[in-house]
Structures are given as C-alpha cells and as structure tokens.
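Database features (Swiss-Prot):
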TOPO_DOM  1-6  topological domain 'Cytoplasmic'
TRANSMEM  7-23  transmembrane segment
TOPO_DOM  24-454  topological domain 'Extracellular'
DISULFID  C50-C124  disulfide bond
DISULFID  C164-C218  disulfide bond
CARBOHYD  N210  N-linked glycosylation site
DOMAIN    236-355  domain 'Ig-like V-type 3'
DISULFID  C267-C341  disulfide bond
DOMAIN    365-452  domain 'Ig-like V-type 4'
DISULFID  C381-C435  disulfide bond
CARBOHYD  N427  N-linked glycosylation site
CARBOHYD  N432  N-linked glycosylation site
Amino acid sequence: MVDFPGYSLSGVAASFLFVLLTMKHPDDFRVVGPALPILANVGEDALLTCRLLPKRTTARMEVRWYRSDPDTPVMLYRDGAEVPGLAMEGYRGRVEWMEDSTEEGSVALKIRQVQPGDDGQYWCRIQEGDYWREASVLLQVAALGSSPNIHVEGPGEEGVQLVCTSRGWFPEPEVYWEGIRGEKLMSLSENHVYGEDGLFSVEDTLVVRNDSVETISCFIYNRGLREPQEATIALPEKLQTELASSRVIGPSQAIPVRVGETIELTCQLSPQTDAQSLEVRWLRARYYPVVHVYTNGAHEAGEQMAEYRGRTSLVTDAIHEGKLTLQIHNARTSDEGQYRCLFGKDGVYQEARVDVQVMAVGSTPQITREVLKDGGTQLRCTSDGWFPRPHVQWRDRDGRTLPSFSEAFRQGSQELFQVETLLLVTNGSMVNVTCSISLPLGEEKTARFPLSGW
C-alpha cells in the first residue's frame with residue numbers, strides 16, 4: 001500500500017465513498033402518505049392523498065396510483081395530463097385526478113361511488129426521470145347493514161329457534177346475543193354469505209330451551225362503525241300467535257327429476273289456513289339469498305339467487321287452503337339437494353324440508369374392440385351425459401360379473417359425467433359380454449358385444 005505523509009490510500013477511498021453516499025441526489029425527494037387510514041362508506045366518494053417533500057410542483061412528473069402491480073395502475077398522470085386507457089378494470093370511469101394542490105407537491109385521487117372491492121392498500125408513486133419514491137395509503141371501506149330482524153322457527157324438539165338476519169354489511173360483521181340482563185348467549189350456528197355485490201348477509205341462529213326466557217336481543221357490528229345494529233324480541237308474545245301452533249308438511253320422499261324437466265315443490269300448512277296474507281320463502285341452506293319469495297300477494301325478485309332468476313313460478317290455486325307449489329323449470333344438476341319451505345307472519349315461521357334428486361340418463365354405451373401390442377384384446381365401453389356419477393358393470397352371457405381393468409369418470413361443463421371402462425378379454429371361448437351403466441334410482445342402459453369366432 002502506498003502511503004502519503006499524514007494520509008493512507010484506504011482512508012482517502014473511505015472518505016470519498018462517504019461523500020458519495022451522503023451527497024444529495026439532484027432529484028432527491030420523498031413521498032409521504034396519511035398516517036391514518038382513509039375511511040369511506042360504500043356508495044360515497046373517497047379521496048386518497050400523498051405529499052412530495054420537500055414541496056415542489058408535480059406538474060411535470062409522473063404520478064402513478066396502483067394497488068399491487070405498478071404496471072396495472074388505478075390511474076396514471078404524466079406531463080400534466082391523465083394517461084387514458086390504462087386504468088384497472090373496475091376503476092374505469094370512477095377515478096378522477098385532483099389538480100388543486102400540484103404546486104405544493106400534494107396529489108390526490110378521487111374514487112367515486114366506493115365499492116367493497118376498493119377496500120385495502122394503495123400506492124402513490126411519484127417519478128422524475130429514473131428516480132422515484134412511493135408511499136402507501138390504506139382505504140378502509142365500510143357498509144352499515146340493514147336493521148336486524150329476529151324471527152321464530154318452531155317450537156321443535158330441541159326448543160325454539162331464533163334466527164337473526166341482516167344484509168348489506170362490509171367488512172364481514174360479528175354477531176352476538178344477549179338476554180334481558182345483558183348476559184351473553186351462545187349461538188347454535190352463524191352463517192355469513194358474501195353476495196354478488198360484495199356485501200355480507202348474516203344469518204345467526206340461537207336455540208332457546210328455557211321457557212322462562214322472555215326478552216332476547218341480537219347485535220351486529222363491524223369495524224369502523226361504532227354503534228352496532230340491534231333488534232329485540234319478546235318471546236312469549238311470539239309463541240302465542242296462531243302460526244306458532246301450526247306446522248308445515250312437505251313430501252316425505254325425495255323428489256326425483258331429470259335434467260331439463262320441471263321440479264315441483266309442494267308445501268302445506270296444517271291445520272289448513274289461508275296463506276294469502278303470509279310470507280312464503282323457499283330457501284336452500286341459508287335465509288339469504290332465496291330460491292323464491294311470495295309476500296303480500298306478490299312475488300319478490302330482489303332477494304332471488306342468480307341461478308334461479310327466470311326459472312321459478314308459483315302455483316297458488318290452493319293458497320286459501322295453505323297449499324302452494326313452487327315450480328323450478330329446466331332442472332339443472334346444481335338444483336339437487338335440500339330445500340326449505342317457510343311460512344311466516346309477524347316474525348314467526350314454520351318450515352318443512354324437501355329433498356330433490358336430479359338425474360340425467362346418458363347415451364347408450366358404445367363398445368369397441370382393441371388389440372393390444374402383446375396380442376391380447378381389450379374392450380372399451382364409453383358413454384356420456386350421466387348424473388349423478390353412475391355405476392358401471394361388465395357381465396358375461398350368464399350374468400356373472402366381470403372385473404373391469406379400469407374405470408374413468410370425467411365431468412363436463414354442465415357437471416354431467418363421461419364414463420370409460422376397460423375389460424381385458426382373457427377367455428376367447430366367451431360368446432358375448434354386456435356393459436351396463438346405471439343410476440342409483442334404477443335407470444340403466446346396456447350394450448352387448450359378441451365375441452364368437454375369435
């Protein structure tokens with residue numbers, strides 16, 4: 001190492017490096033976002049801001065607002081104007097550049113008609129040349145749901161069920177029950193459904209086994225909304241209504257229906273009661289959304305599940321006897337399962353449950369013969385269009401079961417099954433075999449393949 005009087009080369013290099021590291025970049029600046037989250041209710045406008053320090057104009061800089069990917073901006077502002085056509089899908093037509101404070105280094109993005117999907121983190125990136133800095137901005141979106149509704153189901157064998165329902169919440173809320181003295185009560189079940197609009201519906205069930213319980217309250221709340229929504233019910237009063245002593249009767253057996261046919265779900269009040277003034281709801285697993293609603297003598301379409309829109313109708317010829325039939329047209333495989341039929345009035349409901357079994361009988365099996373490389377022979381049996389998953393069976397001419405070499409089931413876009421099964425033929429003396437494909441309800445299709453002369 002070469003040394004100069006009073007200096008060392010390593011010391012000079014270290015000093016030079018220190019100067020480089022501490023030298024102020026000609027474009028040096030930083031970006032600062034708000035210290036606290038920005039709060040906005042669904043449907044309102046939100047204003048996201050960030051500041052350039054030290055203060056200077058951003059008119060000739062690039063300002064990029066984005067969520068997680070800088071290449072997919074919410075908005076891009078460059079050289080004094082918005083760059084069109086680059087906004088993320090879902091923000092197009094809803095974002096606006098605010099120019100009021102560009103001279104002071106403050107920039108703002110307005111999001112109009114805030115939606116639940118707007119909730120979360122945003123980044124504000126400011127760039128000049130190749131130099132950029134960014135800061136994060138947190139937007140917290142909230143929606144206050146509808147006032148809770150408590151209705152009574154039963155009484156049943158385990159007691160009276162109280163169901164607390166509400167819609168239109170964001171983010172996902174919490175639910176709790178209290179007795180008349182403020183004591184917490186344990187829910188039997190709690191279901192939160194995320195709707196097409198991005199909002200949550202709540203269905204919380206409480207079982208009351210103590211006849212002395214009089215008043216019960218349901219509370220629903222979420223973050224950012226300090227006061228919970230509340231509903232209270234006086235139980236003895238509800239249990240004295242006429243409907244509380246009635247019951248709903250539905251089919252005792254599952255209803256079989258083929259794909260494309262019409263499903264008919266019939267429910268009736270017992271004893272017979274005129275149901276014209278009642279609310280009648282057909283549900284799947286939860287209270288919201290519904291398969292079909294009849295209330296105040298009319299059909300309510302607003303609560304209906306998307307997959308049932310335009311496919312349901314109601315037969316009301318015997319409504320004065322408390323009997324109604326829901327028709328679901330053009331049955332699909334997704335319609336299979338359990339349905340709940342509820343009659344209600346003044347917050348008291350009685351229900352029956354109905355099972356639907358959807359089936360589709362597939363095509364006639366096709367059997368083809370294939371010669372293997374080792375000289376052996378296999379038979380391939382194929383068919384499609386089955387639901388639910390069918391049973392496949394090979395048999396010889398005497399009806400004895402033959403073990404298949406392999407079976408494969410595939411579901412297409414309509415959830416119908418395609419079937420393929422292979423049979424290795426080891427005995428050339430067999431005259432013929434059959435391939436049978438059947439459903440649990442007894443529907444069956446069979447194909448026969450002759451093997452004589454091999």
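Quick reminder: no glycine exception, Cβ is built from N, Cα and C everywhere.
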Rounded to the nearest Å - Cα separation of C435 (disulfide bond) and C218 (disulfide bond): 59
C218 (disulfide bond) versus disulfide-bonded residues C50, C124, C267, C341, C381 - nearest by Cα: C341
C124 (disulfide bond) versus recorded positions C164, C267, N432 - nearest by Cα: C164
Closest of C164, C267, C381 to N432 (N-linked glycosylation site), Cα positions, disulfide-bonded residues only: C381
Inter-residue Cα distance where the pair is C50 (disulfide bond) and C341 (disulfide bond), in Å: 54
Alpha-carbon distance [C164 (disulfide bond); C50 (disulfide bond)] in Å: 42
Cα separation, C267 (disulfide bond) to C164 (disulfide bond) (Å, whole number): 24
Cβ neighbour count (within 10 Å, all chains shown) around N432 (N-linked glycosylation site): 12
Alpha-carbon distance [C381 (disulfide bond); C267 (disulfide bond)] in Å: 43
Those residues of the chain, 6+ apart, with a Cβ under 8 Å from that of C381 (disulfide bond): P365, Q366, I367, V392, W394, V419, E420, T421, L422, L423, C435, I437, A447
The domain 'Ig-like V-type 3' (236-355): DSSP-derived helix, strand, coil residue counts: 17 helix, 56 strand, 47 coil
For C267 (disulfide bond), the number of other Cβ atoms found within 10 Å of its own Cβ: 26
Mean per-residue pLDDT computed across the domain 'Ig-like V-type 4' (365-452): 88
Within the domain 'Ig-like V-type 4' (365-452), residues counted as helix, strand or coil by DSSP: 0 helix, 54 strand, 34 coil
